[in-house]
Amino acid sequence: MAKANGSDQKEKRNLDDGDKTKMGASQLSRMKRLFGFELADVSSWGRFVNLMNEPRDPSALALVRILYAILMLIDIPQERGMSRIDVRFGNPNHCHFPLFNILQPLPVDWMYVVYLVMLIGALGILLGAFYRVSCVLLIIPYWYIFFLDKTAWNNHTYLYGLLSFQLFFLDANRFWSIDGLRNPKLRNAHIPLWNYALIRIQIFFVYFLAGIKKIDADWLFGYSMGRLSAHWVFDPFKLIMADKYVDLLIVHIGGFLLDLTVGFFLFFDRTRPYAFVFCGSFHAMNSQIFSIGMFPYAMIATMPVFCYADWPNSLLSRLPTSLSSKLAATPDVQQRSDHCVYAKQETPKEVKPKGATAKAAEAESRDQRVPERHHYLATCFFTLYIAVQLFLPFSHFVTKGYNSWTQGLYGYSWDMMVHNWHTQHVKVHFVDQKTGKTGYLAPEFFVPFSSRWIGHGDMIKQFGTCVSRRLKSHGYEEPALYVDIWKSMNGRFSQRMWDPRVDIVTAPWSPFEDISWNLPLLTELSDWRSRVDALEEELEKDEMEVTFVADFPGLYLENFVSEDFTNTTLEVLKGEVIVELLDKIKNVTLKEGEKMQVPAGKFHNVYTISTTPSCYMYTFVNETAVMLEQNVDKFLDEHFKGRNLSVGTNDKLLPDDVQLNMSDPMVSKMVAYLERANKKIKKKNTPVLKKLREFASTKAYLFKHTFQMTAQALGHILLGMNSVIEPIPLPEQDQTPVDQPSHPDDEL
């Protein structure tokens, strides 16, 4: 590129960010003003290569590198799980769910080394030191941990991994980096346009594909994220509309429109400021509503990548000269790069340079570049990456074994929040086919930190294999394992998800074939949701609770009604069932519209005998909850009338003059209830500065604990010191077989 000074230099500067320039509108076509390139620039492969490798200012990409690394340094001890490695990987009784079964966790002390390597990689990326090596140090451990546990997958974890992969190929160390200090050839050198285009398109996909996935009846009619309006961030909207309209119009319709359009608005100069406002507000609200780690801040940090590539330099150049000369770099000192293709500056035919001018023109001509092999390879990589990212979210017709009621595993399809789940009932039992011995298992004994596995056939298969090995190691020769899982998706009836008659140990599963033992979602009952909502509202007025159930012909529900649930009634809404009262050895047939009372504190079975799925509901009064509410109201009137709830010495809940009989179960429940209420009130009324101090103290402890445990693990590996965990022997019996399942949490 020919050098120029003053206004000439600005006039000749390459198109920036979305390939737009600050040149006058009259000098650019309408398409180039809007999109940054002409149609001719993509009319052939050669011209497309030239476009993708045009030189750009490196400062904005350097800032992306720095912000990403900072967020990863904060994220690794937290959501990546470095602070709880000992808990997550330290118990040999736990089951794990890797994408590839050959992947297994290393010994716990070595897992700390894996995380430490990832942390060092993030630090190297932040500093721009040994940049490519640092990227590798982050990428390999990150994806190993990612593939090691499918239960921890989500879209932003996947996005972080993609960005780490991208950074390896990008020239993000050309500005504000130690590499630039070590190697002057890298310092403030141009970077090709595709470096920016890759990240911009990736962030665009996060929004746009999420919008495409929300073209779903459940989302558009407001069933996916019901009652989110209860959160305080929506209080301003509730001043002008009812809660149900906040849920429908703001959460669902507003979220859909924002995802579908904001990527386009971020691209164009005129709409970008408005996109920043809406996008920033959206992520700020998400950071308060959901526990999604650094994701909202990561998305806020990526918004400026849609601005001109030289915006950090332009901003810093406005600082005092003493600072701007050190922090910012002007275009005059930017270096040419072999990674870029520079446009040829043509001399008009009627003007022929002479003398020194001719020599300069000849030297410049020799310095002009044409696309070389690595430019074509870089453009091929860019094109292939985009194609893969477009294919993967819609590739579920290939990976059929990961489908169930939803398409694929959650985490790479950008279908954020589209599906809302409620688990009603999980029962796991085994039968030793050699001895006939049977028993029930508590699934949380094997998988204590996540219940996501119950909704995916591939993970249920892995669970069966894992538990079968545990049982075999303790004397059960040929264990068969059966799961009975009842779930509700987006407000539908609770129904079985998997065939409870299938032994999951021997059940067939392939990543490329449909799961034959996955029971279908009863979508034909979706229209019942409006009627269900109306019934729930009506019953709540009478202090009654309700549970809606649907089941398949030939199957039955084994249910236990708690003694607390008095006046429990079963009413058939559709189909025909037989209710078997086990204690009375009695059967009762119920058809549509018929109902009966079922005894509390007893087991009963409900058989579906109609040729179509049955629907029925349990209505009941939770006597304990009603009594608790009444006693709490009475207690507050007696002891706290006219006073704040949080009183007493040392900010205790109960004043010293209040004497209670804590041996009474109802009194202990009441006090526990009040303690929880008091805790919420105190949290809500805590001054902001105190909240910030508590937050900082919690995070400081987390990081301190992380580094202490890492040091101990290194001491064990290098010096033979104590391990971070004591060896946990396998128990003599994983579970004691019992004749009846227990129902501590999932009873109706």
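Using N, Cα and C of the backbone, Cβ positions are placed for all residues, glycine too.
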Quick one: sort out which of 157-173, 378-394 is the transmembrane segment according to TrEMBL. 157-173
Under 8 Å, at least 3 Cβ pairs, sequence separation 6 or more: does that hold for the transmembrane segment (288-309) versus the transmembrane segment (193-212)? yes
Determine the mean pLDDT over the domain 'HTTM-like' (53-311), rounding to the nearest whole number. 94
For the transmembrane segment (246-268), which partner among 112-145, 157-173, 193-212 gives the most CB pairs under 8 Å? 193-212
Within the same chain, the residues 6 or more beyond the ends of the transmembrane segment (193-212) and with Cβ under 8 Å of it are 17-19, 51-56, 60-61, 64, 155, 159, 162-163, 166, 169-172, 256-263, 266-267, 299, 302, 305-306, 309, 378-379, 382, 385-386, 389-390, 393, 413-416
